[in-house]
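Lifted from TrEMBL, the feature list:
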- His158: active site, proton acceptor (ACT_SITE)
- Asp116, Gly166, Tyr320: substrate binding site (BINDING)
- Asp193, His195, Asp281: divalent metal cation binding site (BINDING)
- 462-477: compositional bias 'Low complexity' (COMPBIAS)
- 43-333: domain 'Histone deacetylase' (DOMAIN)
- 394-484: region 'Disordered' (REGION)
Amino acid sequence: MDPSSAGAGGNSLASASCGDAQKRRVCYFYDPEVGNYYYGQGHPMKPHRVRMTHALLAHYGLLAPAKMEVLRPLPARGIDLCRFHSDDYVAFLRAVTPETQLGQVRALRRFNIGPDCPVFDGLYAYCQTYAGASVGAAVKLNHGTHDIAINWSGGLHHAKKSEASGFCYVNDIVLAILELLKLHERVLYIDIDIHHGDGVEEAFYTTNRVMTVSFHKFGDYFPGTGDIRDIGYSEGKYYCLNVPLDDGIDDDSYQSIFKPIIGKVMEMYRPGAVVLQCGADSLSGDRLGCFNLSGKGHAECVKFMRSFNVPLLLLGGGGYTIRNVARCWCYETGVALGEELQEKLPYNEYYEYFGPEYSLYVAASNMENRNTNKQLEEIKCNILDNLSKLQHAPSVQFQERIPETKLPEPDEDQEDPDERHDPDSDMVLDDHKPTGHSARSLIHNIGVKREITETETKDQTADANAVAVNAPGNARNEPGSSPK
């Protein structure tokens with residue numbers, strides 16, 4: 001494999017149509033109730049898009065047992081959510097209702113609940129549903145019974161330990177990765193949502209057990225994070241990659257940077273499992289987005305990751321032109337299965353949504369691509385240079401040297417203050433004991449930033465094995481515009 005080639009495939013690439021010809025064992029998680037949750041009138045986030053996706057899958061015949069296993073998720077319990085989120089935040093989500101929120105102004109402000117992340121009927125059940133699906137999908141991959149697991153209702157990557165953000169309340173991605181870490185030494189997280197995957201990055205910013213790679217619009221854009229210079233801290237230095245992009249990026253430009261970077265990541269990092277967040281707001285014509293990817297261009301990322309034949313978790317994310325979201329995720333389910341789907345949509349209960357073309361394919365527009373070849377080449381070289389500083393995975397031959405992550409680091413705080421690092425982090429995640437291993441030994445490098453509130457004091461007896469996780473302040477858009 002030549003990872004520097006824009007057209008490089010994975011280690012099992014054999015077919016131009018679906019990445020490779022080998023059949024994959026796929027499971028798909030779906031709860032029929034998920035489309036009933038409603039953020040409110042005028043809100044761009046519409047869980048109904050997942051029901052539309054499901055309808056397309058059904059009419060394309062992809063839900064048949066011979067194609068993939070369809071599973072209804074078990075709701076995540078409070079104890080499951082608290083493997084990452086704080087107890088008081090989870091308790092608040094469980095208790096708050098549209099009727100009781102008026103008397104909880106301070107709590108609403110504290111947990112960032114408002115116009116972007118409103119209280120709506122069934123909020124906690126909604127969080128339990130999509131989080132339970134992602135964790136359940138990770139469990140299936142850990143059991144080795146499936147090669148690819150899908151949860152289009154998940155991928156809510158902005159949620160923090162103790163606050164909602166960008167339409168996201170519970171970070172199902174972090175919870176799924178923690179589940180995968182019970183079995184796998186290294187997990188790779190890739191985010192192709194148009195928005196920076198800040199919540200996931202923060203959760204694993206100081207560990208080398210998880211590498212995060214986010215391709216996103218950067219600049220005056222929510223959440224305002226994801227600079228190319230953000231590369232991780234301490235044990236996690238160089239294990240965080242940010243690929244900042246500009247308006248109008250098209251399929252060819254996107255793949256010219258996605259494939260070389262991810263090809264090199266797979267070569268150097270050798271993850272035991274991959275989580276791919278497939279936010280569809282990077283598609284052309286998205287209500288809140290400004291990229292120009294076609295449905296096929298977006299799905300090329302899924303196709304590329306499928307070709308490595310590594311356990312793969314596919315999650316949803318953003319996406320606010322819902323007819324495009326449904327078509328995109330249906331097409332990508334076909335890619336996961338190795339199925340070629342006909343372009344003309346079969347008649348279905350949402351058929352009128354897809355006019356006038358009634359095509360499965362989301363087309364790109366003629367918008368200007370503000371990403372020049374020179375800019376993309378500079379970004380690619382910068383990222384590949386950071387990757388060259390990694391300590392190779394044990395299974396890869398490399399020249400013996402002292403890893404940079406172990407060397408004393410210069411005092412970067414004086415040059416460029418880094419608000420992400422908090423030496424007072426003190427919470428070790430997940431005390432569940434997987435078969436044959438101590439959970440503490442598996443995730444001893446992972447912790448979460450303890451949020452200091454009016455009712456909390458810093459705990460000076462932090463576990464020596466806990467690693468700080470960072471929570472920089474995020475720039476926010478006007479209410480209703482901060483996307484997931």
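Just so it is clear, glycine is given a Cβ too, placed from its N, Cα and C backbone atoms.
TrEMBL entries are annotated by machine, without manual review.
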Inter-residue Cα distance where the pair is Gly166 (substrate binding site) and His158 (active site, proton acceptor), in Å:
6
Using a 10 angstroms cut-off on Cβ to Cβ distances, just flag whichever of His158, Asp193, His195, Asp281, Tyr320 is the loneliest among these recorded positions.
Tyr320
Taking only the binding-site residues Asp193, His195, Asp281, which one has a CA atom nearest to the CA atom of Tyr320 (substrate binding site)?
Asp281
Taking only the residues in the domain 'Histone deacetylase' (43-333), give me the average pLDDT of this model.
98
Please give me the CB contact count at 10 A for Gly166 (substrate binding site), counting all chains in the structure.
28
